[in-house]
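A.B. asks: The structure's right below; bear with me while I get my questions together.
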Amino acid sequence: MSEQEGGNGSPKSSSLTPYEEALEALSSLIIRRTRADGTNFGDQFDVLFEYLKMLDLEEQISNMKIIHVAGTKGKGSTCTFTESILRNCGFRTGLFTSPHLIDIRERFRLNGIEICQEKFLAYFWWCYDRLKEKTDDNIPMPNYFRFLALLAFKIFAAEQVDVAIMEVGLGGKYDATNVVQAPIVCGITSLGYDHMEILGNTLGEIAGEKAGIFKDRIPAFTVPQPEEAMHVLEEKASQLKVPLQVVAPLDAKLLNGLTLGLEGEHQYLNAGLAIALCSTWLKRTGHLGDIYLERTETLSEQFIKGLTSASLQGRAQIVADTHFKSEQSNKLVFFLDGAHSPESMEVCARWFSLAIKDNSPDQTLFHRQLDNPKSSHDVVKMQHGEKGVQRKSTPILLFNCLTVRDPQLLLPRLVETCADHGVYFKKALFVPSLSVYNKVGSQASTTSTDSEVDLSWQITLQRVWENLMQGNKGKITDIVSEELKDDVEMSASNCEHSAVFSSLPVAIKWLRDRSQQNQSVRFQVLVTGSLHLVGDVLKLVKK
């Protein structure tokens, strides 16, 4: 690679590493506008094909054996299962997902492992410098997500993967991944209300956007959907002569006593879809052989291994705070799930309610190892408190969501579902995002002082929560624990049932202090509402 291709297009700074220089250049592609601004959605979609020409990717993409997946909930999980199955069948896999939680390279996985820095830099500058050279005022540089999708295609083409699994970023019809003209098979996961400011206000409109990935006569699969959404999917499929099939959730008995690699009952739905996508890919690419027998009563060994060894950070993930010594690691436990729609909030609440009951003394807790995304469940034995003292469980909510979300739809679903399972939050903590959205990488943390942080949205969330608690007063008793009543001077706004903190690190410090001061209490913190928040918590807890 020439010196120019090595990254001369980047703003040089002696204080930045080569990787940070690439992230600075990538940050320059972020359009500084709110998610609610849909003016660029679908705008100049055709320009993507000009970018493909500039990068000489047209023919390479047409030769790729692609699985394309859209949907509201479960896209990442379905793609993860699909990749894991085909990798265990012996194929070289490429997986493109979004968003990332800690490092941008998480979005590009080769054989289940995020791309190394050396390869990322080589492919990044090859694409970035070539586009910089060939774009102009009429065809400007692609925005952030479009660039990442183009980069994914370049990586997978150059690495000669056998299969590329592409997760749609937003919608489907106008998503950057939809430059794929002839995928092997398409999948639509569960549909629900999300990104309505862009995709439409009804399930029918949302389904229409997702069905935009359907291609003429290319087989497609979906899961059971609400009637309004299913009608639109079937209509779009009929127009394109797409054989659309609805798949049932995986029967747990087919796993021969093992469990899915991803936690939660909803994952059986995603696993069922992944099995259909993989078996169809094998059949249409001439690889079926003995790998998958088309009998519903059995699953091949490779399929079972793929389903049970799959792992995905930030979805139904349990992490003990590493701040404490190993013998005290169960004093503060984080339950992380990036749920951010009403439906996924309900699923998250069910998972959390069951998980904290399992996460009791003498129970075995399973969680992913943060430093090894390929690992399956690692077993951590939860112990009694020091000197045999049994700790009282205290569920706490740590929450933030984007301003385009409606907390009046999210928070009641969470509270009611938990209450149905006998779980009541003793305190809710609301924090602003640690990351800023016009930066990528280590520079993407807010540097403003606490006094400069705008907490108006967190105050709004707190108000919704307090009203919710007031409305539930007759049903929920003893909601405020003694150990949480006092000493919230670190918070910016403290109410009976909740507190707003000026930053996530301050909230984490408060939780750690409470844990130290209350030796007989186990704090079980549900972190949800935003994958950005989940990623930020993982960054802090991993330190």
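Cβ atoms are placed via backbone N, Cα and C, with glycine included.
Whatever TrEMBL says is automated annotation, not expert-curated.
Take a look at what TrEMBL says about it:
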DOMAIN    69-216  domain 'Mur ligase central'
BINDING   S98, E167, H195  Mg(2+) binding site
BINDING   R315, D337  ATP binding site
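Situate these features within the shown structure.
C.D. replies: Applying an 8 A CB threshold to same-chain residues 6+ apart, the list for E167 (Mg(2+) binding site) reads V69, K75, G76, C79, L95, F96, T97, S98, T177.
Sequence-distant neighbours of R315 (ATP binding site): residues of the same chain at least 6 apart with a C-beta under 8 Å from its C-beta are G76, S77, L262, E263, G264, L336, D337, G338.
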A.B. asks: Would you pick out, from the binding-site residues S98, D337, the residue whose Cβ has the largest number of other Cβ atoms within 10 Å?
C.D. replies: D337
